[in-house]
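J.: I have a structure I would like to understand better, so I am pasting it below and will then ask my questions one at a time.
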């Protein structure tokens, strides 16, 4: 906890002392909504415009000590992360996020200033994409729980599904891979070097705008890397009935960027690149040239549905599952 965070914890009234409605008023007062929000907080529900009559909706949750730690992250970091991971799901559909609805649970003795900092982080991240926080709920519970529902607009484009990949197309990524997993390992091992990697675990950096750009040029299928590259590509392979073959050479830049951190930890960087989640890069399949900012990392072949690396099965840990068992870390040849 930083000096500033300690100040928030010691000088602020608690959520219980203020009461639910006073806390909510503090969190929403003076916030400017984007033009797509026709009615924000203050009524029974919000009203958000849907430009082409369709709405893209996604929900995700963060639970303290499962998805974030308050001895690593500031409340503002948690707020930014909660919005970023939901916005990435909207991006992966080829849409843009326009509004977010937030649920927050915390112990009654939580300083109200910490809740305010959480919402500040949410507004900061939402502002990066021109979206707003339009409502939510506040409850008392034993630990912090943050639930975010994202609302998005396709702006007249067709949605990009997981099921559209076809043999003969190329696989491309925009964004960086393995950074969050490397940062997590550094945090767990108490290594204070590699500040940027440690930061990337706390606050991901989705490639905002690139989902819509991919949809505009006819991306066949797309997903954001939340659970790990291999795990998320398996969703596309199974939904589309195709085989995906990744190129290790095309991913070497990600490996090289993590080599120094891996050396400090005495480990191999490849599992971070292939299996590490929470980077929220976008991966998509294209028939023609890939859009600016994207890089080709593999190809799509006829089924059966599998994900390979240089034509071979990856035998190590393949990615996060909320109810899965821990696995070994694996290696690349």
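Quick reminder: no glycine exception, Cβ is built from N, Cα and C everywhere.
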J.: Please pick, from 153, 155, 193, 224, the residue that Swiss-Prot records in the Mg(2+) 3 site together with 44, 89.
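T.: Checking 153, 155, 193, 224 against Swiss-Prot: the Mg(2+) 3 site match is 224.
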J.: Report the member of 44, 60, 278 (the binding-site residues) whose C-beta atom has the most other C-beta atoms within 10 angstroms.
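T.: When each Cβ's neighbours within 10 Å are tallied, 278 leads.
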J.: Using DSSP and three states only, what is residue 67 (substrate binding site)?
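T.: Residue 67 (substrate binding site) sits in coil per DSSP, no helix or strand.
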J.: So which one is it: of the binding-site residues 89, 137, 227, which has the fewest other Cβ atoms within 10 Å?
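T.: Looking at the binding-site residues 89, 137, 227, the Cβ with the fewest others within 10 Å is that of 137.
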J.: Tell me the coarse DSSP state (helix, strand, coil) of residue 89 (Mg(2+) 3 binding site).
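T.: The three-state answer is helix.
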J.: What count of other C-beta atoms do you get within 10 angstroms of the C-beta of residue 67 (substrate binding site), across all chains shown?
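T.: Result for residue 67 (substrate binding site): 19 other Cβ atoms within 10 Å.
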